[in-house]
Amino acid sequence: MNSNYDLAWLRYGGASVERSAAIQLFEGYLSNIVAAGEGSSPLFRTAVQELTEGLAKLTGKQPAVEPNAAADRFVALGTIGGAGNPLLNDSVEGAEAARLGEEGYIIRKAAREGKDYILIAGGSDKGLLYGVFHFLRLLQTAGQSPDGLNLVEAPKYQLRMVNQWDNMDGSIERGYAGQSIFYQDSKIVSDLTRVREYARLLASVGINGIAINNVNVHEVETKLITPELLPDVARVADVFREYGIRLYLSVNFAAPIELGGTSTADPLEPAVQEWWKQRTADIYRYVADFGGFLVKADSENRPGPFTYGRDHADGANMLAEALEPYGGLVLWRCFVYDCHQDWRDRKTDRARAAYDHFKPLDGRFKDNVILQIKNGPMDFQVREPVSPLFGAMKQTNQMLEFQITQEYTGQQRHVCYLIPQWKEVLEFDTLCEGEGSKVKDIVAGQVHPYKHSGITAVSSIGDDYNWTGHYLAQSNLYGYGRLLWNPELSAEEIAEEWTSMTFGVNQDVASTILDILMESWPTYESYTSPLGVGWMVVPHYHYGPDVDGYEYSKWGTYHFADRDGIGVDRTLATGTGYSHQYVGANAALYDSLESCPDELLLFFHHVPYTYVLKSGKTVIQHIYDTHFAGVEQVEKWIARWDALESKLDPQRFAHVKERLLEQLESAKHWRDVINTYFYRKSGIKDQHNRVIY
Ligand code: GCU
């Protein structure tokens, strides 16, 4: 494993970052930290240490940490409900404190007995840690002065998680940033320094849960729940605990058979139930605050309850019962579909699968089960509609799954800032309880009163020096956490924060990176598969174009292009009826060719190439135009990046430049393959007579 790493957005100045104006404004407060009495928990110590180190780097001066207020100006840390800290209790009202919950915090300018200070008060030690990271961020971003400083923050989501798809041989499924930082040679690594750094990065943006192994649980990983490997799992849990992050494990539904205990994994079989209870008891002996199990069952050839004629409620509830006495959760994935479909079968529609499997089970799950639903009905494409399962189950806890790793969006060789995509998902109004039933509120348990809910995502990191393969892809990990804390933040605001923490406050650098990030998702979409139809990627690898790569395969991902037209008919009258998994006006919107938004047209409808879009262009001309424009956009970024050469450190300049050049080559390949394919299919010429082969 590579043990050198970049400090990402926690570099606090580093070599090339100019001092922000905010540091100067706060300067008088930053030499002294008052961390009073109550601070004995590991989390409290983490908070003090993070603030001390952060301030030392940002100001170039080691701050003094004292139990009492000796200086006239200082930063005071405390936990509400702590042992009567007067610096804190005088300036926080009871009602306010109640609003914070455990994870919230207050940052405000306060005064007492002639002292003038910045108060960071957490609802608990964990809230304090989040407050410290917020304060450090504030010092690096423009526009804040101590006067009038008064922030009261609490996270929108209860569960704010990442899922590692790491395998114990050190590989990472869909990983594009090197090898695992957790595993090597079928063991958990002995040196957890880099895992600790990862915990810091995650905690700094508010992540509070992590599943540390791939949802496809292979032979060795099946043993993570046994006393053979639990001592090592416990070491990892210890590291994350100091940053307020709970550890979860992905489990193999057939573990009772594979680990030799029983002859069946039938969830209704008492011996199987007992087996899981025993394993769960083992886990909690090693990891007292273990979060729970993440389960991929009956999905892409993984074992599950279907083998025994049971359904997913039977399977999930069996595990939930084992976890219940300890407060553990089952995160049960809904990515269940027929991956052995006959392409000749035009009735089966993979997009329908999650809803068809799970909706009828509403009300059958125990309350410590949460259904984990991918953002779209297919699989993290650059454009898909929002999964109609959100909000469709009133009595079943739900959480949303995003993919930070860029499996289908350029694999961290292309820049593709995903926050705008995720914001569209969160803002989608499902109409499940009438207008205003948005996904962002459903998965916060605010539309239906779910006991547990939240958001998770497949992580994007590996042991590459820069963590994420593409340096600019760090913004997706950063932004993911920020969005989960507060989905009202705009994609621009998040990009600006990340840029100034990571690259400093130079205006040219900041505005160039902001533009590239904000243009990147639409650009990636423009030169890949058109109008929501998805796929067209090289099978298995999912990088680069192969228009018919999946067309005659078993995976259920077709575009149905012929000489006359393209797209999947998912309407009620003539297609698969998927459109009617949506509620009321949404169903009508997608079902009708007239109202269906252009960007999803080919997801819902099969149309001739000459069909005229709302944009006024024909489908075929749209394909040509967007594919030429996408490449031109990447060329513009390269010119703008080149102009930053003297303003950036040589390493990061050269790295991003190299990635942009690769993106350009790949975008040209996409352009030429897609344009040529559709020109040959349709025989229709480009109106502008550009080169098509
Ligand atoms: C996709 C991905 C797989 C992954 C699966 C999942 O199909 O290509 O690698 O295992 O999603 O989410 O389970």
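Quick reminder: no glycine exception, Cβ is built from N, Cα and C everywhere.
Pulled from TrEMBL, these are the features on record:
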type	residues	note
DOMAIN	8-135	domain 'Alpha glucuronidase N-terminal'
DOMAIN	143-467	domain 'Glycosyl hydrolase family 67 catalytic'
ACT_SITE	Glu300	active site, proton donor
ACT_SITE	Asp379	active site, proton acceptor
ACT_SITE	Glu407	active site, proton acceptor
DOMAIN	468-690	domain 'Glycosyl hydrolase family 67 C-terminal'
Given a 10 Å Cβ-Cβ cut-off, pick out the one of the active-site residues Glu300, Asp379, Glu407 that has the most other Cβ atoms nearby.
Glu407
Integer Å distance between the CA atoms belonging to Glu407 (active site, proton acceptor) and Asp379 (active site, proton acceptor):
10
State the Cα to Cα distance, in Å, between Glu407 (active site, proton acceptor) and the residue listed as 'active site, proton donor', rounded to an integer.
17
The domain 'Alpha glucuronidase N-terminal' (8-135): DSSP-derived helix, strand, coil residue counts:
52 helix, 30 strand, 46 coil
Per-residue pLDDT averaged over the domain 'Glycosyl hydrolase family 67 catalytic' (143-467) comes to what?
97
